[in-house]
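*Asks:* According to TrEMBL, the protein has these features:
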| type | residues | note |
| --- | --- | --- |
| BINDING | GLU70, HIS194, ASP198, GLY199, ASN200, GLY201, ARG202, ALA203, GLY204, ARG205, TYR236, TYR237 | ATP binding site |
| DOMAIN | 116-258 | domain 'Fido' |
| ACT_SITE | HIS194 | active site |
Amino acid sequence: MRFNTEKPYNKLPEILPNEKYWHLLSIYEQANKANRALAELKGRLSAIPNPKIFINTLSLQEARNSSSIENIFTTNDKLFRAFTADSKADPHTKEVLRYGKALTDAFDIIKQNRKFSIKLIEKIYRNIKDKEDGIRDSLVYIGNGHKKTYTPPCCRNIIVKKLNNWISVANSKSDKIDPLIKMAILHYQFEAIHPFEDGNGRAGRVVNVLLLFAYGLLDDPVLYLSKYINEHKSEYYRLLLEVTKSENWEKWLLYMLRAVEETSKYTLKKVLNIMELFEETKEKMQKDAHEIYRFELLEILFSQVYCKYSILIESGIVSSRNTASKYLNKLEEIGILEREKIGKEFVFKNIALYELLKDG
């Protein structure tokens, strides 16, 4: 072991690691599989007229899975309801919603210039934790109970130096390393730096999605990358620590590349299922509710699981509550929507979309 678990690991090496750790046939073979799966997902999404309709529903799934890794649990139903309705949500659901906001806000920023900065990373953390502080200036440790397994670098000046190195590598343009391998290396380094008192894992997983966009691998934040990590959580933490202990990069990189491959395939299947349902709903509306059918209305029904009167009015589809009520009541009548009362307001659930997404 090259470090003392009881002391801040201020000698954490700067990145990138020596090429010998990732110039391996096993890694390149898995990287090719992951790149092909991700490219197919990106290609299918780009062929859809308005892929933005997926962002709310799919980014909320990433938010829920990433939060579950940190033992912050909510159900999809609670999440979808809280996203639409004005009623009070429980603390865990609120945390997941904040993660979703952190992801979409950061994605809007990174789209402007594809550049990372400490300011952006701190914004992600503040959105997740609903706090105003930033880079920590205090000691933290990772472990179970009284046993420390790792003490990250400390304090603020050292953390900032290491983050600046991270940012320099993240923003660099190089053909020498596959971008998915680079993303996996950067994720390890971010977690090892552990720049905040709390929320580092979630912030790091938001950054993963941003890196995929910055490197041209994905156009929208729809990949369920945290689903794989959540399902293989103990391996995730064990392999992170193995890199620190013994520079076991091969197993870590293979793990992350498999995560990209499997979640790309899973997300693609989910997208195709949603698109099939979209077309079925379109046909049903044109047949059974032709008098209110508008493509923009159909898009709204799929942009989030629950809809309400104000959403139709704010979108400009209708100009009054009476007309909004007429539209949603008709869709309820033909079996597309189901009315529910949340607090003091009525919302309308897209029944089939909910069934498709309820298990994540």
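Using N, Cα and C of the backbone, Cβ positions are placed for all residues, glycine too.
Unlike curated entries, TrEMBL annotations are predicted automatically.
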*Asks:* Which residue counts does DSSP yield for the domain 'Fido' (116-258) in the helix, strand and coil classes, in that order?
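*Replies:* So the counts come to 89 helix, 7 strand, 47 coil.
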*Asks:* Could you tally the C-beta atoms, other than its own, that fall within 10 angstroms of the C-beta of ASP198 (ATP binding site)?
*Replies:* 15
*Asks:* Among GLU70, HIS194, ASP198, GLY199, ASN200, GLY201, ARG202, ALA203, GLY204, ARG205, TYR236, TYR237, the annotated ATP contacts, find the widest CA pair distance and round it to a whole Å.
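*Replies:* Between the outermost Cα atoms of GLU70, HIS194, ASP198, GLY199, ASN200, GLY201, ARG202, ALA203, GLY204, ARG205, TYR236, TYR237, the distance is 18 Å.
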*Asks:* Mean pLDDT for the domain 'Fido' (116-258), as a whole number?
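*Replies:* Averaging the confidence scores along the domain 'Fido' (116-258) gives 94.
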*Asks:* From the Cα of HIS194 (active site) across to the Cα of GLU70 (ATP binding site), what is the distance in angstrom?
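*Replies:* Between the Cα atoms of GLU70 (ATP binding site) and HIS194 (active site), the distance comes to 15 Å.
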